[in-house]
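Features reported for this protein in TrEMBL:
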type	residues	note
TRANSMEM	12-31	transmembrane segment
TRANSMEM	69-89	transmembrane segment
TRANSMEM	101-118	transmembrane segment
TRANSMEM	138-158	transmembrane segment
TRANSMEM	170-190	transmembrane segment
TRANSMEM	196-223	transmembrane segment
Amino acid sequence: MTVSLFDQFMSPVYLGIPLLALALTLPWILYPSPSTRWLSNRLLTLQSWSINRFTQQILMPLNMGGHKWALILTSLMVFLITLNILGLLPYTFTPTTQLSLNLALAFPLWLATVLIGLRNQPTAALGHLLPEGTPTPLIPILVIIETISLFIRPLALGVRLTANLTAGHLLMQLTSTAAFVLLPVMPTVAALTTGLLFLLTLLEVAVAMIQAYVFVLLLSLYLQENV
């Protein structure tokens, strides 16, 4: 019986109990907690430096109103990076390959940015739906197009993260399967394929971090338009 390549993306179930909630909760225990001697802990110092640098980079183009989102954006960044990288380990599950989870993260945050814009500056928020200097006959068409593009944003956020991680996992599985099959027949080709798999794994680690950063960066750009 042939096992589908997409079976690896199925949500794990044990004794009929979905383990998705466990996969989302346990990664938080991997991070050290601050202590009275945090300066003497190199891991905690590196963690604090990385979070501070990321927070400064994300909040730089935002005004003081957008700085209230620092905790949300930074926590989301750390959360996504942790899930993405842990999903590359053997016998693990990557929750961010589920489109439902990514949309559950993208849609409420995108909606919050839109509602903030409508509350604080409704004229400017609605003005984004119509570019300045548009000819009169094109106004109805452009308003419809801009409205559709506005509502596609959360879908694009979720699909981008899901598609990149899913494609990477499938490519790694295909490459590892090829190396395993070629090992008894053509050991040299199998060794070259294994080297390719190692390079691909490094690439996927970079993709896991970059996609988490892009997800949060786009949210900050949407926030910048509305604050």
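The backbone N, Cα and C atoms fix where each Cβ goes, glycine too.
Just so you know, TrEMBL annotations never went through curation; they're auto-generated.
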Taking the transmembrane segment (69-89) as the reference, which of 12-31, 101-118, 138-158, 170-190, 196-223 gives the largest number of Cβ pairs under 8 angstroms? 196-223
Among 101-118, 170-190, 196-223, stretch most in contact with the transmembrane segment (138-158) (C-beta, under 8 angstroms): 101-118
